[in-house]
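Engineer: Shown below is the structure under consideration.
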Amino acid sequence: MEKPAVQCVDEAATKVQSSPAARSNNNGGWISFPFIIGSMAGLSLAAAGWNNNLIVYLIQEFNMSSVSAAKVYNMANGCSTIFPILGAVVADSFLGCFSVIWISSFISLLGALLLTFTAAIDTLRPQKCGYGSDECRNASTSQLTFLYAALALAYLGNGGTRFTIGSMGANQFQKPKHQAIFFNWYTFALYTSNVIGSTVLLYIEDNVSWVLGFAICVAFNIIGLGIFLSGQRFYRHIEPQHESPFVSLAQVVIAAIRKKPFSLGGEHYYHGTKSQDSATRTDFPKPCKFFRYLNRAALVTEGDKKQDGLIAEPWKLCTVQQVEDLKTLIKLFPLWTTGLFLYTPLVIQASLAILQALKMDRRFGSHFKIPAGSVVVFTLISTCITITFTDRVLFPLLNRCIRSSLTPLRRVGIGHLLTVVSMALSALVESKRIKIVKSHHQNNVAAPMSVFLLAPQLAITGIGLAFHSPGYAGFYYQEFPASLKSTSTAVVAVFVGAAFYLGNGVMDLVQSVTGWLPENIDNGRLDNVFWVVCVIGAANSVYYLVCASLYKYKNVDQEVNDSIDKIDSN
């Protein structure tokens, strides 16, 4: 699918393993592994408890309409997945991963605590709608302000920890194979915690008390923070640069614009070494020909360097490595956009599945009723099972039998195709549900159709996630410049967050143009909505295949990519 080599050398890639700016841990990354995974599990479990049932909470306790609650849910989750890029910038530039994680964990704790107050204090939420009453009192401005402040803190903190922990965990290991194993189990722990939070905690919230459910979330947040802090002495800390790498990227653009296309004595590029050293060395790589206009930023002209060989003005002359870092991001951008349109159908499916579940038979046995927000468990369980199977069985089997492996981009490609299949199946299941509803001619009554019929499509979504989620994370961690390692995993969160907003936009467009998505979905055509996102996913899959086939891995990372999936059975 993807091309294995690139035509120029990226110096940063060679420095990632050989000269990391870190305090080495003699015991290796496996000592810190349980602390990082354990803390992430606790924090993720806490977040799952209040996030996955948010739509139901807003409908039942704040008297919101189902579509309005879904939009708030999408908007809030969009913020949660865009916030990681802010945390990553701060981690790479100033504070480091450790400080960003514990501060963000404390912020999410405050948010969960305030959310608990909205459930515990009657004056912080509107009066419940009476049974059989057509009039419901909307939440007041002050009540909504307090609610949104709680959600803002909770989602801000959650966004600052989830992906930054991923980068910090990968930083504990120097071998690409071990980093790949970490990303697999990082994803496994993330989704396992979500399974527990989306079943046990959601059952408590729906059947016992919202207050107790949210209070347990607060407790798990405290436990996760405690586990993380207790492992501090075992962590391999990457020292922050104390300057933003994004400023360095901006300097390349400005310097290229300002630079006239001539140099001293032919093409002489600046590599950050003293002039006497560069005069005697001939092994410096030249900048790539790709986007060669930017090469002017590293072209040495009169007055660009001081007598000692250092840069006279950083906004007029940059190093070759700075130029290559920016080019790397430009090359990755088309693949990044494919992730945006991959997650948009998933976002729409997740929110609409909850609305579907509210209109279906959720009984499990004679006494148990599955919470509507727990349907996400079908996705989470299938993701966990698939990750375990691929990590312990599939990848070692491929390596032994055919001496081949799934590179990160191939794994992502499989995820794309499975997502399209899931959307098509969602449309077919919803079409059947609508027929059953119309045949019974009863509004506001759950259709005699088991909620378990949503399981196959959501399970396929989960299998797809098991391929493309760690695939994207591992791919960006390998290919990003060394100065942007924390940002590398956060960019996944960015396109997931943007997908929430894009998903809201698609739902708004469908509502305004068609009658497919009314307040009561029994009167609409959700199956047509799923067909629309299926077409979007299919077109995006073709676009992805084109981008992946044209992408060239870094030369030094070809060995990384070959070893990524060669995980033995040990």
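Each Cβ is built from the backbone N, Cα and C atoms, and glycine gets one as well.
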Engineer: Which range, 244-264, 286-306, 370-390, does TrEMBL list as transmembrane segment?
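Structural biologist: Comparing 244-264, 286-306, 370-390 with TrEMBL, transmembrane segment matches 370-390.
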Engineer: Quickly jot the same-chain residues contacting the transmembrane segment (335-358) by Cβ under 8 Å, restricted to those at least six beyond its ends, or write none.
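Structural biologist: Distant contacts of the transmembrane segment (335-358): 55-56, 66-67, 70, 73-74, 77, 370, 372-373, 375-376, 379, 409, 415-416, 419, 422-423, 426, 430, 433, 446, 451, 454, 457-458, 461, 465, 468, 472, 475, 491-492, 495-496, 498-500, 502-503, 506-507, 521, 526, 529-530, 533-534, 536-537, 539-540, 543-544, 547-548, 551.
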Engineer: Counting Cβ pairs under 8 Å that sit 6 or more residues apart, are there three or more between the transmembrane segment (183-204) and the transmembrane segment (210-229)?
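Structural biologist: Yes, these stretches are in contact.
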Engineer: Below 8 angstroms Cβ to Cβ, which residues of this chain, lying six or more residues outside the transmembrane segment (210-229), approach it?
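Structural biologist: Hits for the transmembrane segment (210-229): 35-36, 38-47, 49-50, 53, 57, 61, 101-102, 105-106, 108-109, 112-113, 115-116, 119-120, 197, 201-202, 204.
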Engineer: Honestly, do the transmembrane segment (411-429) and the transmembrane segment (449-468) touch, with at least three Cβ pairs under 8 Å and pairs 6 or more apart in sequence?
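Structural biologist: Contact between the transmembrane segment (411-429) and the transmembrane segment (449-468): present.
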Engineer: To the transmembrane segment (30-51), which of 101-121, 449-468, 489-510, 530-551 is linked by the most Cβ pairs under 8 Å?
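Structural biologist: By the under-8 Å Cβ criterion, the transmembrane segment (30-51) pairs most with 101-121.
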